[in-house]
């Protein structure tokens, strides 16, 4: 049976064949990941909303002035008008008591309400809504009702854990004279049902009306086969990792080895709804949900009367207005595959983020250009007392015959060592170099250099992903190399099996090949280990740090894990220089 589960997991990861049902929670979820209690506010796993930003792994509220200025006016429940939806949501994020009311200006009589009718308790019943510009209340259509809408409705009613996935509302025969109902569509993370899109539909009777049971902690005890959400809610383990946000805080979809049902599995271990694939919006932080899409699917709907604005479309529009950093995209793509140990030289343009750190003796280490005037490298490469002696050389592919017309030489203004760098253990082996600006210039000019992106999440790349290491290091016979070389290596899971307690999993990364045929070596230190996401955007995943017996089996190279230092880097260089997305 275990072999069967392993085979199914292989199909899910490599062939996206994930239409199976798992019998054990261990088959589905990563325990180490679950222990970190990720939710929809964990930017290691998900993108923050446009009115939030990522700080130390958590989506926190922006201030309203940090939102894009373009947009349509909206009204909040306190009758205050806001120039944009983003500004209203930003203030709501800071002060949760005030919610979205309607798109457009505020009116004295405008009111939105949600209530549950014909239930035995205040936590269950048929869902009835009064829209702002409608005179009467209407029931919600059952045909459009899902856990997304149910969770939002219950949250709007004050049930913080959303809807109950186990209990069902038993509806007896009712005499309701209504020929219409409201079709509602939510994304599932709205804080009020007013943010969802409503259209009017015809109905045949009360059987067509949506009902819900909201989750009440006192009414539920753990099941034998339960999954506990981060918010304290219990759901069946069979509802975890299926692409449906049953928990309401998304914690059941963020630590998944594979996906059940129709869920789409992101490499970062997140399950998203299958309809999010190829919908024009990147939902996987690794981007693969929008790769290979011929076009966006259009949905044909029956003739309806649209009653409210599409605020999810407005959210996407605001997201498109956020500044995006240009990094990690080369002007030319390499097509050859060479080894850094025993390989041939790189071509001009293959590695536009690679720099050489030179002192009086020659190239001592490599470095990575990350934008502005900033170079990322290894702390062990540098000495504070030699700051004025270092030079940064860019566009160097041949150290013996340098192309001086193309090479740009910059001098070092200052070096920032990680405050917890340990020269004995190589912990926190990372440093920043700020290059001097020429004259009165505001920035450094490196016309042929392209910055590598700085990763914000440790889940962007996984063991067995293929990445590239580069440098001017020695070959395995200790022979000096004078041309820039690069080679492909695979990320290797926890290297404690090779290096024991000298390997610190949180701040170190392992990469190489099990036969040692490709490796970084002496002289490559400080240089880049770069990985490309599904859209061929390059991230500096590691900084060459240390290793033993380069090019020998069972001695993979050890790198400083850059994602662990995103906040440290952004603190020193400024977040706009390294934040590719809204993070």
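The backbone N, Cα and C atoms fix where each Cβ goes, glycine too.
Copied over from Swiss-Prot, here are the features:
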{"type": "BINDING", "residues": "239, 242, 244, 246, 252, 253", "note": "Ca(2+) 1 binding site"}
{"type": "DISULFID", "residues": "33-255", "note": "disulfide bond"}
{"type": "DISULFID", "residues": "43-54", "note": "disulfide bond"}
{"type": "DISULFID", "residues": "67-86", "note": "disulfide bond"}
{"type": "DISULFID", "residues": "141-181", "note": "disulfide bond"}
{"type": "DISULFID", "residues": "186-196", "note": "disulfide bond"}
{"type": "DISULFID", "residues": "229-247", "note": "disulfide bond"}
{"type": "DISULFID", "residues": "259-271", "note": "disulfide bond"}
{"type": "DISULFID", "residues": "278-293", "note": "disulfide bond"}
{"type": "DISULFID", "residues": "365-381", "note": "disulfide bond"}
{"type": "DISULFID", "residues": "373-444", "note": "disulfide bond"}
{"type": "DISULFID", "residues": "495-510", "note": "disulfide bond"}
{"type": "DISULFID", "residues": "521-550", "note": "disulfide bond"}
{"type": "DOMAIN", "residues": "55-108", "note": "domain 'Kazal-like'"}
{"type": "DOMAIN", "residues": "114-212", "note": "domain 'SRCR'"}
{"type": "DOMAIN", "residues": "213-257", "note": "domain 'LDL-receptor class A 1'"}
{"type": "DOMAIN", "residues": "258-294", "note": "domain 'LDL-receptor class A 2'"}
{"type": "CARBOHYD", "residues": "70", "note": "N-linked glycosylation site"}
{"type": "CARBOHYD", "residues": "103", "note": "N-linked glycosylation site"}
{"type": "CARBOHYD", "residues": "177", "note": "N-linked glycosylation site"}
{"type": "CARBOHYD", "residues": "464", "note": "N-linked glycosylation site"}
{"type": "CARBOHYD", "residues": "494", "note": "N-linked glycosylation site"}
{"type": "CARBOHYD", "residues": "536", "note": "N-linked glycosylation site"}
{"type": "SIGNAL", "residues": "1-18", "note": "signal peptide"}
*asked:* Within the same chain, where does the domain 'LDL-receptor class A 1' (213-257) have neighbours whose Cβ lies under 8 angstroms from its own Cβ atoms, ignoring anything closer than 6 residues to its ends? I mean 6 or more beyond.
replied: 9, 12, 21-22, 24-25, 27-30, 33-34, 36-42, 45-46, 116, 123-124, 146-148, 151, 153-155, 157, 159-169, 188-189, 263-265, 269-274
*Out of 196, 255, 381, 464, which of these recorded positions is nearest residue 242 (Ca(2+) 1 binding site) by C-alpha distance?*
255
*If the Ca(2+) 1 site is taken as the center of the Cβ atoms of 239, 242, 244, 246, 252, 253, which further residues of that chain fall within 8 Å of it by their Cβ?*
147, 235, 240, 241, 243, 245, 247, 263, 271
*asked:* What whole-number Å value do you get for the CA-CA distance of residue 70 (N-linked glycosylation site) and residue 86 (disulfide bond)?
replied: 10
*Counting distance between Cα atoms, which of the disulfide-bonded residues 43, 196, 444 is nearest residue 229 (disulfide bond)?*
43
*asked:* On the three-state reduction of DSSP, what should I expect for residue 54 (disulfide bond)?
replied: strand
*asked:* If I take every residue in the domain 'SRCR' (114-212) and average their pLDDT values, what number comes out?
replied: 89
*Tell me the residue counts in helix, strand and coil for the domain 'LDL-receptor class A 2' (258-294), as DSSP assigns them.*
6 helix, 4 strand, 27 coil
*In whole Å, note down how far the CA of residue 252 (Ca(2+) 1 binding site) lies from the CA of residue 536 (N-linked glycosylation site).*
29
*Within 10 Å of the Cβ of residue 186 (disulfide bond), how many other Cβ atoms are there?*
22
*At the Cα level, what's the spacing in Å between residue 247 (disulfide bond) and residue 253 (Ca(2+) 1 binding site), rounded?*
9
*When you put residue 271 (disulfide bond) at the centre and draw a 10 Å sphere around its Cα, which of the binding-site residues 239, 244, 246, 253 have their Cα inside it?*
244, 253
